[in-house]
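Down below is the structure, laid out as structure tokens.
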């Protein structure tokens, strides 16, 4: 994950000071891309410990199409609590848009089921897209989608995925997002009978919060270690069939965690 460290160093050296919605302040650059070959290991940052349990449960929660944090809380995952109302509701966030995008005539579109079927039937399609950025419902969301749009691509029997992330919290959020979408790519590849290809991360406003700068500098003093391997239960053949116990991470030997506050 040297390219992640290089990205962080680039923002520290060349970022522009900007204000932001949270009032924290950032160093920011506009536009960046990283590519990860999923045959070379699972792209989980090794220069600090990353909480895989939260990553897996959040992705499964997205795939459930839920707008409530009850499932996350049930499994000890609190990453969405800051934005939930007293009843645990978040409005029509990621999972709702992925699994139940509303149409003007009152129907709902399951984008995930649709894209999996498209990959199986028409793998050369240029429309293998899922979007969480529903302009008509942004105001109802507790937090508008940061990772807003992703596209699959099939070539030579391999499935690749590219994510566009409009707003990228480089220190806390981006390692999480890379691992989440890399995992989704592995899952979709398995259920469509393909091998994993690349995960491509593309960012818009890429920023380090000013209260993360010292932590970022500390992380840059550490040497990346060998990437781990993610094993999926080969018996799972449908995306909705995955459960937490179907994922096994092997060979993860990270440096210790580095704490940093979340900007809300």
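Quick reminder: no glycine exception, Cβ is built from N, Cα and C everywhere.
Listed in Swiss-Prot:
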type	residues	note
BINDING	21, 126, 127, 166, 167, 168, 169, 177, 207, 208, 209	dUMP binding site
BINDING	51, 169, 263	(6R)-5,10-methylene-5,6,7,8-tetrahydrofolate binding site
ACT_SITE	146	active site, nucleophile
**Message:** Are there binding-site residues among 21, 167, 169 that sit within 10 Å of the residue listed as 'active site, nucleophile', Cα to Cα? If so, list them; otherwise say none.
**Reply:** 167, 169
**residue 21 (dUMP binding site) CB neighbourhood, other CB atoms within 10 A** = 8
**Complete:** DSSP says residue 21 (dUMP binding site), in three-state terms, is coil
**Prompt:** By a simple count, how many Cβ atoms lie within 10 Å of the Cβ of residue 167 (dUMP binding site), its own Cβ left out?
**Reply:** 19
**Message:** How many Å separate the two farthest-apart Cα atoms among the dUMP-binding residues 21, 126, 127, 166, 167, 168, 169, 177, 207, 208, 209?
**Reply:** 36
**Asked** Which residues does residue 127 (dUMP binding site) neighbour through Cβ under 8 Å, counting only same-chain ones at least six apart?
**Response** 118
**Prompt:** Does residue 169 (dUMP binding site) have same-chain partners at least 6 apart in sequence with Cβ under 8 Å from its own Cβ, and which are they?
**Reply:** 146, 207, 209, 263
**Fill in**
Counting across all protein chains, other CB atoms within 10 angstroms of the CB of residue 263 ((6R)-5,10-methylene-5,6,7,8-tetrahydrofolate binding site) number 20
